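Peer 1: What follows is a structure written as C-alpha cells; I'll ask about it next.
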C-alpha cells in the first residue's frame, strides 16, 4: 500500500514539491537562495505580525509606539531588530538569487523568471511602505520624495500623487494606508511565491552546466532538504548576530528623529538595498526620464530572456560573458555607493556613466559578446 504522503490530496502536493521532487544531482549552494527567501518571508511575516500587535498607525503616536515596542514590550527590541535587519537579509538573498539566475541562464524558464521579477517589484514596494511606518525623519522625507515622483506622470500626475497621499501632503491618511499595504503585500508575495514554484516544478531546476539533467536526478529529500537546513542555520546565525551586536549598522541615524515636515534632512536616501536604483533615478536630470529609468532598472530583467543570443545556456564555459557579468556586479556596487553620496561632482558623472553602463551591459554588450562567442566556437 502506498504511503499517506503519496495518496492524501494535500500531502501529495507537499510530497511532490518537498520530498519526492526529482532534482539535478549537481546543483550548488547557489540553488539554496530560493529556500532562504522562503525562510526570510516566513520570518518577516511572523516578526511583523507581533510588531503590528503593538504598533499604532497614527502620526501622533507611530514614533512613540515603536519606542514603546523597543522599551516596554517583552523582547520587543529583538523582534524589531530581527524585522528591520531581516529585510536586509531578504534583499541580500534576492540579489544573490537573481545573480545566480543571470549567471546560469535560469531566466530561460520564462514564466518562472517573469513571476520572479514581479515578486521583486512587490517585495520592493513592501519594503518601501514598511520604511515609512516608524515615522522618523527619513521615513517621512523618503515617502515624500518617492511618492512625489508620480507627479511626473503626464496629465494625471498631480491627481495621482494626491490620491496616494490622501490629501495635499504626506500626512495621517498616508501613514494609515501604508500600514494597510505593508500588512497586505507580504501575503500577496506568499501567493506569488506559490505560482513561482508551480511554474518551476513544471520544468524542474536548472543546473550549473546548463545541460539537461533528466538522466541524473536525485530526490529532494533527504539530500537537498538537509542542504537547505544548513543554509537556514547559516542565515539565522548571521541575522541573529547582526540583530544582537550591530542592529543599527544598516539603518539611517536620521530615523531616530521624529518626522518633521518643516526640517529637511541634509541627504535624503533610501535603505542600502534601493541605492543602486536611486542612483539611476538621480543620474537623469529630467523628472519623468528619471522615473522611467528607475522602472527600467528593474524591468530590464524581463527582457534578458529575449536577448539571450548564446547557443549555451549558462556562463560556465563562456569566459568573455563571465567577465562582463562580473563587470555588471561591480557596476551595481558602484551605483549602490553613488546612491548614498551627495549630488555633487565627481559623484554625478560617475553615477551617469555607471547608469549608462548598467543598461548597455544588459541590452547591448552581453548579447553581442554571446554572438561573438558563438562565432569563435563555430556554432552560428
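All positions are counted from 1 along the displayed chain.
Glycine residues also receive a Cβ, built from the backbone N, Cα and C atoms like all the rest.
Swiss-Prot lists these features:
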TRANSMEM  33-53  transmembrane segment
TRANSMEM  77-98  transmembrane segment
BINDING   83, 182  heme b b562 binding site
BINDING   97, 196  heme b b566 binding site
TRANSMEM  113-133  transmembrane segment
TRANSMEM  178-198  transmembrane segment
BINDING   201  ubiquinone binding site
TRANSMEM  226-246  transmembrane segment
TRANSMEM  288-308  transmembrane segment
TRANSMEM  320-340  transmembrane segment
TRANSMEM  347-367  transmembrane segment
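Let's see these features in context: how buried, what's close, how far.
Peer 2: Remark: residue 182 (heme b b562 binding site) has 48, 126, 129, 130, 133 as non-local neighbours, by Cβ distance under 8 Å and separation of at least 6 in sequence.
Under a cutoff of 8 A between CB atoms, and with a sequence separation of 6+ in the same chain, the neighbours of residue 97 (heme b b566 binding site) are 33, 34, 37, 116. DSSP assigns residue 97 (heme b b566 binding site) to a helix in the three-state reduction.
Its own atom aside, the Cβ of residue 201 (ubiquinone binding site) has 14 Cβ atoms within 10 angstroms in the protein chains shown.
Same-chain residues lying 6 or more positions outside the transmembrane segment (288-308) and placing a CB less than 8 Å from one of its CB atoms are 98, 102, 105, 107-108, 110, 113-114, 117, 120-121, 124, 149-150, 152-154, 276-278, 280-282, 355, 358-359, 362-363, 366-367, 370.
If one looks beyond the transmembrane segment (320-340) by at least 6 residues along the same chain, the residues whose Cβ comes under 8 Å of a Cβ in the stretch are 99, 102-103, 269-270, 272, 274-280, 282-283, 310, 347, 350-351, 354-355, 357-358, 361-362, 365-366, 369-370, 372-373.
Long-range neighbours of the transmembrane segment (347-367) within the same chain, counting only residues 6 or more positions beyond its ends whose Cβ lies under 8 Å from a Cβ of the stretch, are 279-280, 282-284, 293, 296-297, 300, 303-304, 307-309, 321, 324-325, 327-328, 331-332, 334-335, 338-339, 341.
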Peer 1: Please report, as numbers and ranges, the same-chain residues at least 6 past the borders of the transmembrane segment (226-246) whose CB is under 8 Å from any CB of it.
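Peer 2: Residues packing against the transmembrane segment (226-246) from afar: 29, 32-33, 35-36, 39-40, 43, 78, 81-82, 85-86, 88-89, 93.
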Peer 1: Residues with Cβ closer than 8 Å to the Cβ of residue 83 (heme b b562 binding site), same chain and 6+ apart in sequence?
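Peer 2: Non-local contacts for residue 83 (heme b b562 binding site): 44, 47, 48, 51.
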